[in-house]
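Trainee: Dumping the structure here so I can ask a few things about it.
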Amino acid sequence: MDVVQDETLVVGGRKIGSRLITGTGGAANLEVLERALVASGTTLTTVAMRRIDARTGTGVLDLLRRLGIEVLPNTAGCRTAAEAVLTARLAREALETDLVKLEVVADERTLLPDPIELLDAAEQLVDDGFTVLPYTNDDPVLARKLEQVGCAAVMPLGSPIGTGLGIRNPHNIEMIVAEAGVPVVLDAGIGTASEAAQAMELGCDAVLLATAVTRAADPERMAHAMRLAVEAGYAARHAGRIPRRYWAQASSPEID
Amino acid sequence: MKVEINGAAHDLADEATVADALAAIEAPGKGIAVAVDGQVVRRADWASTRLAANAAVEVLTAVQGG
């Protein structure tokens with residue numbers, strides 16, 4: 001029964017089969033990663049671009065190809081627009097995709113996006129024909145500007161990368177959702193399934209997470225939990241929750 | 001001539017191309033991209049793009065991340 005994924009997510013004209021987008025970073029090895037990816041049901045997964053190493057070769061790419069999962073290269077590690085643009089162009093050349101998860105972070109301690117470099121890079125990459133999915137702050141104004149320069153989605157953080165602190169400013173996420181004309185993907189900060197469900201209940205179109213699964217004690221089981229959470233949150237959002245009330249309201253008939 | 005490939009010094013023939021640099025590190029044919037001195041060199045141009053002495057060649061692929 002598939003009653004919850006009733007409307008397919010479309011990003012930049014491309015259908016995305018699952019609303020759970022995963023990352024590959026942090027998995028102990030490719031076998032663990034494979035089981036987690038399969039359990040997550042994801043159809044789109046991030047990779048990073050690094051110098052080739054004879055030892056690792058192209059293993060993660062081979063795995064994603066075998067599983068039929070589309071690759072979403074990121075620009076992780078880039079600190080300036082110029083670095084991010086070069087990395088995106090190399091990714092397009094290596095992976096033959098125009099998709100890019102644009103990350104331009106300000107410093108290693110927070111890994112928070114540098115909004116000025118991010119917007120600059122987004123504009124350049126859109127002009128160069130990329131389908132740009134920017135990792136951004138939970139800032140409704142920046143999200144709007146990223147959409148205005150032509151990004152195919154906006155991906156606000158719930159909290160800093162890898163922290164598992166969940167969604168620290170749900171109201172900002174709701175404001176981004178309310179204003180956005182492109183899909184909103186909650187990216188970063190998810191620690192457990194209830195937070196993935198919350199992102200969807202706030203109106204996000206998808207969730208992107210990596211660490212919460214790959215560094216869980218049992219990645220495969222957590223991947224499955226995240227899949228259910230995203231589906232549940234999406235269904236709840238579209239089911240129309242009851243309004244909050246101050247006083248109780250009996251759910252059984254009164255005694256005559 | 002000396003060139004730098006992914007940060008390591010290599011000695012290539014004076015007329016070496018990007019393709020020769022890739023052969024020197026036994027890079028796989030697929031899933032990689034090349035930048036020379038900060039500029040992307042498209043796959044179609046690997047065999048015809050000559051390297052200058054002391055060129056910095058970066059060969060990237062996808063790894064686990066994000």
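For all residues, glycine too, the Cβ spot is worked out from N, Cα and C.
Any TrEMBL annotation is an automated prediction that lacks curation.
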Trainee: Per TrEMBL, what member of A:Gly162, A:Gly181, A:Gly203, A:Gly233 joins A:Ala188, A:Gly189, A:Ala210, A:Thr211 in binding 1-deoxy-D-xylulose 5-phosphate at one site?
Mentor: A:Gly162
Trainee: Sub-8 Å Cβ contact with chain B: please pick out which of the recorded positions A:Lys101, A:Gly189, A:Ala210, A:Thr211 have it.
Mentor: A:Lys101, A:Ala210
Trainee: Is A:Gly189 (1-deoxy-D-xylulose 5-phosphate binding site) helix, strand or coil when read with DSSP?
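Mentor: Reduced to three states, the DSSP call for A:Gly189 (1-deoxy-D-xylulose 5-phosphate binding site) is coil.
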Trainee: Around the 1-deoxy-D-xylulose 5-phosphate site recorded as A:Gly162, A:Ala188, A:Gly189, A:Ala210, A:Thr211, what other same-chain residues have a C-beta within 8 angstroms of the site's C-beta center?
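Mentor: Surrounding the site, in chain order, are A:Gly23, A:Pro160, A:Ile161, A:Thr163, A:Gly164, A:Ile190, A:Leu209, A:Ala212.
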Trainee: Sorted by position, what residues of the same chain at least six away from A:Gly162 (1-deoxy-D-xylulose 5-phosphate binding site) have a C-beta under 8 A from it?
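Mentor: Counting only residues 6 or more apart in sequence, the Cβ neighbours of A:Gly162 (1-deoxy-D-xylulose 5-phosphate binding site) under 8 Å are A:Leu111, A:Ala188, A:Thr211.
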